[in-house]
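Beneath this line is the structure, given in structure tokens, with notes to follow.
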Amino acid sequence: MFVPCSQCEPDNIVSVVLLCFHASDSEYFKGSSEYRKLRVCVATCNRADYSKLAPIMFGIKAHSDEFELEVVVLGSHLIDDYGNTFRMIEQDDFGIDSKLHTIVRGEDEAAMVESVGLALVKLPDVLQRLRPDILIVHGDRFDALALATAAALMNIRILHLEGGEVSGTIDDSIRHAISKLAHYHACCTRMAEQHLIAMCEDHSRILLAGCPSYDKLLLTHHKDDYMDIIKSWLGDKVQDHDYIVALQHPVTTDIQHSIKIYGLMLDALLSFNKKTLILFPNIDAGSKEMVRVMRKKGIEQHPNFRAVKHIPFEQFIQLVCHAGCMIGNSSCGVREAGAFGTPVINLGTRQTGRETGENVLHVRDADTHNKIYHALELQFGKRYPCSKIYGDGSAVPRILKFLRSIDLDEPLQKTFCFPPVKESISQDIDHILETQSALAVDLGGTNLRVAIVCMRGKILKKYTENNPRTFEDRMELILKMCKDAVQDAVSINCRILGVGVSTGGRVNPQEGVVLHSTKLIQEWSCVNLRTPISDALHLPVWVDNDGNCAALAEKKFGHGKGVENFVTVITGTGIGGGIIHHHELIHGSTFCGAELGHIMVSLEGPECSCGSRGCIEAYASGMALQREAKMLHDEDLLKVEGMDMKICEPITAAHLISAARMGNSKAAAVLHKASTALGVGIVNILHIVNPSLVVLSGVLGSFYQEPVQQVLSQRALTSAQTIRVVTSHLEEPALLGAASMVLDYATRRTY
């Protein structure tokens, strides 16, 4: 057995080797081929991407025995108006192998296209001279697209940083195009990794590294001299957390609108009257007009503002970390600022697709000065929990290890696959100014309940009344409770999107009509619920059976979330449920699909409330167990020693369960028969629709879960015996299911 010497690391052991070699040895071997340094070319286009690439460049330089660093500088680095930022690369003591002037001035769409073309003309000579083994390209700039295109066509391996992210503008198209050209990927978040997989990229060539800039900022943002840095840019009178950093770039797919938003942002900042450090926009089309707007408003001469073209990254970190707020549409706001908990206002659509921490407030339709000013009032001076969505400070070691693992003998041709992609959720100003909600109505045999339910499934307010016995009184009470709830919704800052009604009985959800009800709800057949509620409240209305609503609740908020096929069985006063098949609810041709309580498990069983015999409900419902408990009690066979039972207390199913647990064999036999009946009924369901999950809901769900699972393992077909039976954790499935009809289908507004 080969044991490495103390200087070797396991990651450096390749195949079977009989000798150990180190950096100090005169010759290197990898398998049978002579080892040489990996030539890594890092191409940087602007100040923003250099902040991400510099930590990697330092890491490569620190391992000069393994890597040979080549540096290519192009794009706005070499333009005086943007600060000649190539000098900071030289100040970091990196040798620049090639400087390419690739920007065609004009700052419009045509100039961007011409700049890409000019870069494509100049890059082949440089890449042919440098002959790198791998080219590292960052992000989503048009310059980076030219780099990736040239390298791919010249059969040079490409490592793309920060692929798979979603921002919301033309940058997405460029970023994804670079990802398709790249051979390897170092992404920042788990969701970005999933996006790359969904884009057919080979999972084995994707590294979840985190953002390289976090390696630097997490180490340096607590510098003791931060006040000196702040004062050097904003003056001696400025205080910690009492100034604003503003950075807004043009959106090239809607230049005029982005210029308008820029002007409104400047107006809001002028009105807000706080010291503001504002950076010039990037070189994209529309930037020249934005600078013109800034100068027209006198920002460069205003005493509250300091307008700058460039700030060194280390100092910029300090300024963002200690700002009272950051505003604009820079990716720094949704990425780096989260590491400090700095409040951020993201204007427009440029970054709305990105993952964000709690600190980011989106104002997507920033169409008025007042809206932006109000966002400043909400955010300025707050501190949020620090977020590490984009990194933990260890990206560079991971990337270097990934580079070491690249096999240059592997073919360049990529392979593909097609997995699913997860959805991103970010905080929107809607969630603060107005909580979008549904009005849920649950009509049961005993109670009538109405609730205000928000998007996340939280019940914000609930109302309960006894269910009247007559149709007229019941409708009158429903309308009154709904109107009261709509009125109360205003006071708790909710906007009601619609009304969802859960009711017992057979329902035509297409028409919103209760066709026929059980004996539990009197005078409740052929009832049009949609029309009177909609007319009274001027809101859309959805109506469905309570069992179906329980299934919808599980689908949106419970165990069924993301499950394609599952069944929900309600075990309460009666037995009901719903079936989700291919993510859709089954109603049936006459709307009596999933009447699970009336599946017959015996030809000569007890009478059911439906008029038939031997239904699951006649054995396993709360009413059936109560009936059996009363019979045992009347025969003085229910109570056992130590059982707490008051003389005048009504007998319920709970007494039967309690007696069985305390050793009453008669009670245990009743419950065994009920569990078996329910289990056999569920076996029948499994053999018909073959779901992957069974969810037991209702007050008896936790009691039935284990015995039903046993029945499945004994009586189901072999392929169905392993299907899981779980107990619902939802406290109000009927209300949540009623709400989900609204929340899933009502049109959602963005602020």
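Cβ coordinates are placed from backbone N, Cα and C, and glycine is handled just like the others.
Annotations in TrEMBL come from automatic prediction, not curation.
What you are looking at is a predicted structure, and each value in this text was computed from that prediction instead of being measured.
Lifted from TrEMBL, the feature list:
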- 64-403: domain 'UDP-N-acetylglucosamine 2-epimerase' (DOMAIN)
- Arg506, Thr518, Asp546, Glu595, His598, Glu617: N-acyl-D-mannosamine binding site (BINDING)
- Asp546: active site (ACT_SITE)
- His598, Cys608, Cys610, Cys615: Zn(2+) binding site (BINDING)
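It is Cys608, among the binding-site residues Cys608, Cys615, whose Cβ has the fewest other Cβ atoms within 10 Å in the structure shown. Here the candidates are the binding-site residues Cys608, Cys610, Cys615, and by Cα distance the one nearest Arg506 (N-acyl-D-mannosamine binding site) turns out to be Cys610.
Close to the recorded Zn(2+) site, the chain also has Gly597, Met600, Ser609, Gly611, Ser612, Ile616, Glu617, Ala618: residues not among His598, Cys608, Cys610, Cys615 whose Cβ is within 8 Å of the site's Cβ mean position.
In sequence order, Asp442, Leu443, Gly444, Ser502, Thr503, Gly504, Ile570, Gly576, Ala734, Gly737 constitute the residues six or more apart from Asp546 (N-acyl-D-mannosamine binding site) in its chain with CB-CB distances below 8 Å.
Shown are the binding-site residues Arg506, Glu617; of these, the residue with the fewest other Cβ atoms within 10 Å is Arg506.
Closest in space to His598 (N-acyl-D-mannosamine binding site), of the binding-site residues given as Cys608, Cys610, Cys615, is Cys615, taking the CA atom of each residue. Sequence-distant contacts of Glu595 (N-acyl-D-mannosamine binding site), defined by Cβ-Cβ distance under 8 angstroms and a gap of at least six in the same chain, are Arg506, Gly547, Gly576. The separation of Glu617 (N-acyl-D-mannosamine binding site) from Cys608 (Zn(2+) binding site), Cα to Cα, is 7 Å. In the structure shown, the C-beta of His598 has more C-beta neighbours within 10 angstroms than that of any other entry among the binding-site residues His598, Cys610. Taking the Cα atom of each, Glu617 (N-acyl-D-mannosamine binding site) and Cys610 (Zn(2+) binding site) are about 9 angstrom apart.
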